[in-house]
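See below for the structure under consideration.
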Amino acid sequence: MNKKILETLEFDKIKALFEPHLLTEQGLEQLRQLAPTAKADKIKQAFAEMKEMQALFVEQPHFTILSTKEIAGVCKRLEMGADLNIEEFLLLKRVLLTSRELQSFYANLENVSLEELALWFEKLHDFPQLQGNLQAFNDAGFIENFASEELARIRRKIHDSESQVRDVLQDLLKQKAQMLTEGIVASRNGRQVLPVKNTYRNKIAGVVHDISASGNTVYIEPREVVKLSEEIASLRADERYEMLRILQEISERVRPHAAEIANDAWIIGHLDLIRAKVRFIQERQAVVPQLSENQEIQLLHVCHPLVKNAVANDVYFGQDLTAIVITGPNTGGKTIMLKTLGLTQVMAQSGLPILADKGSRVGIFEEIFADIGDEQSIEQSLSTFSSHMTNIVDILGKVNQHSLLLLDELGAGTDPQEGAALAMAILEDLRLRQIKTMATTHYPELKAYGIETAFVQNASMEFDTATLRPTYRFMQGVPGRSNAFEIAKRLGLSEVIVGDASQQIDQDNDVNRIIEQLEEQTLESRKRLDNIREVEQENLKMNRVLKKLYNELNREKETELNKAREQAAEIVDMALSESDQILKNLHSKSQLKPHEIIEAKAKLKKLAPEKVDLSKNKVLQKAKKKRAPKVGDDIVVLSYGQRGTLTSQLKDGRWEAQVGLIKMTLEEKEFDLVQAQQEKPVKKKQVNVVKRTSGRGPQARLDLRGKRYEEAMNELDTFIDQALLNNMAQVDIIHGIGTGVIREGVTKYLQRNKHVKSFGYAPQNAGGSGATIVTFKG
């Protein structure tokens with residue numbers, strides 16, 4: 001787009017409005033380079049980025065970006081083979097840190113759907129090794145000791161030598177106190193010296209570095225210190241050399257990634273610019289407009305960004321409308337209306353938000369031309385009319401159907417009759433060429449042109465006859481009218497004179513009455529529209545409040561869930577710890593009594609997650625009533641799965657049962673009846689445990705062949721627990737070879753189990769790699 005329109009509309013001042021919201025020099029540079037485009041995909045991308053950033057701010061209202069400096073020149077120097085200095089490395093360090101923080105922010109972002117912004121976040125590079133290298137430079141511009149072993153060694157020696165110098169000088173201060181003018185160590189020419197009285201200058205051996213103005217004090221570097229100072233100077237030279245070597249080394253490490261770092265810096269700047277746009281939206285109540293594909297423009301409550309307390313107006317430039325002609329007297333805001341339309345289009349086509357209400361639409365124009373204001377050339381001795389006409393002639397040769405044209409005071413500066421005729425002829429030429437035009441004029445003849453001509457519409461700026469001031473309200477569809485008689489009368493001009501004047505233009509009075517009626521109708525419609533807008537604004541505010549509350553509730557819910565998860569994890573950890581202790585206690589005993597096994601199993605059962613209390617289930621209660629327990633019934637004790645027999649019913653409703661060799665007292669909810677005759681017995685998954693009395697103790701075998709992975713792992717867990725409860729020293733697990741999935745699962749399980757001493761494949765004659773032998777700790 002031509003630069004002249006950007007200067008005319010003061011686009012640089014518009015861009016300056018976004019600068020306070022920027023945090024990076026890269027973002028500032030991109031803002032300064034910003035210009036309107038006619039590429040729809042670019043504009044749509046910019047609009048989508050702003051909308052996504054708005055959604056991001058709803059979830060993360062304090063989202064920010066670390067400030068960064070421009071590094072394009074630094075990266076260019078690297079690519080050309082130059083070595084960087086500490087200040088330049090600090091600039092790169094800041095960019096890498098900002099990139100890492102943005103990546104971390106994006107990785108932890110929830111409840112926001114991003115597409116366009118996601119592309120930028122995901123293009124950022126991660127350089128953990130380079131970040132580690134750059135930690136050698138602290139923010140004060142100092143190379144840390146850990147940058148290299150040699151640097152650390154040199155600095156240790158410098159520190160030791162300087163300590164020796166201080167010790168020597170402190171000793172001399174005490175020993176030679178009577179020879180010194182002051183009991184302090186001074187510095188001259190970078191050397192540590194003593195202020196010696198001139199009368200004692202020969203009593204202290206050393207190098208004289210200075211004499212006071214009075215000649216009473218001689219500044220001597222003691223001989224004992226001279227050698228140490230020379231060593232320190234030599235070490236300082238070594239330190240500088242080592243620091244240069246470190247700068248060269250790190251430059252070589254960073255050099256291959258210079259282009260990637262420069263690209264990251266650009267992305268950081270781009271995200272910063274999008275963020276600044278959204279901050280502007282929040283500050284100025286701006287909006288992201290819709291994009292029209294057919295040059296249709298609909299601006300709702302649009303304002304000029306540079307005008308303080310600007311009046312908001314509606315402008316509708318439909319697809320079929322070719323020209324809007326704003327008529328009426330000067331100083332009513334016609335030129336501002338013209339600039340507002342042009343500037344809003346320039347901002348939108350530059351990917352910026354506009355000062356308007358939601359629902360506003362903008363078109364796409366390849367060029368925007370304007371003839372606004374007095375551009376008379378004194379050097380060329382051109383009149384106002386000639387200056388405007390020269391510009392218009394140039395514009396008419398360049399415009400086409402993809403252009404927007406803004407003409408201020410068309411035909412002004414010459415004879416009114418000829419000027420009006422010329423203005424109508426120019427507008428007609430533009431209409432026939434279907435070029436969208438907004439023009440202002442004070443010629444009344446153009447009112448009739450706007451009424452009588454298709455695809456052309458009149459408009460005007462409202463004038464308050466009560467206050468004799470313009471309201472700057474845009475009235476589309478209503479031509480401007482002269483208020484000269486009304487103003488003259490209010491200012492005190494004789495009614496006779498005003499009456500005589502009005503009789504001379506009776507026909508014009510009829511037109512003015514019609515215009516006045518149109519104005520009244522327009523004002524009434526505007527009041528209704530304003531009321532509707534107020535309701536819409538209240539609804540929008542309520543919607544924002546509800547959305548904020550909804551997000552806060554979601555965050556609180558997630559916080560509570562996280563707390564619950566943490567508490568659950570703590571409970572599980574405690575349960576696992578208790579179960580391990582139970583197993584250790586069992587394993588430490590060589591022999592176990594039956595009741596000890598039962599008690600241990602019951603303890604383990606209590607550690608399991610709580611289940612639904614089936615005793616309160618009405619269906620199960622009805623089923624139990626149909627078959628009440630009686631003496632002699634076979635039962636299954638629910639707490640540890642052992643079968644037994646009811647031997648007697650106690651007075652308190654409990655039952656006595658014989659379970660193996662143990663007599664137990666149980667409540668009805670603690671056992672189930674076993675229906676042997678009516679139903680087929682349910683096969684329980686059993687672990688085949690075979691006890692032997694050989695020297696190495698009992699053994700067991702588990703066969704997992706043909707099992708699904710999850711089923712096999714559950715059986716393995718149960719099998720190992722039972723083996724530990726039975727104090728077994730060794731067990732065999734048959735898993736087969738197959739795909740190796742179950743075998744790998746067995747291996748991982750055994751590696752995690754702290755009770756396993758060792759495990760390995762069986763001998764070839766006992767199954768080879770299809771079986772694993774496990775030995776437990778003693």
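Using N, Cα and C of the backbone, Cβ positions are placed for all residues, glycine too.
What Swiss-Prot says about this one:
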- G328, P329, N330, T331, G332, G333, K334, T335: ATP binding site (BINDING)
- 702-777: domain 'Smr' (DOMAIN)
Below 8 Å Cβ to Cβ and six or more residues apart, same chain only. Which residues does that give for T335 (ATP binding site)? I372, G373, D408, T440
Indicate the candidate from P329, G332, G333 with the smallest number of other Cβ atoms within 10 Å of its Cβ, considering only these binding-site residues. P329
Suppose we draw a 10 Å sphere around the Cβ of K334 (ATP binding site). How many other Cβ atoms does it contain, all chains included? 27
Long-range neighbours only, meaning 6 or more apart in sequence with Cβ under 8 Å: which ones does G328 (ATP binding site) have? K334, H442, S460, M461, F463, P479, G480, R481
Per DSSP (three-state), G328 (ATP binding site) is coil
Tally of residues which DSSP labels helix, strand or coil - the domain 'Smr' (702-777): 35 helix, 19 strand, 22 coil
Check the domain 'Smr' (702-777) for me and report the mean pLDDT. 84
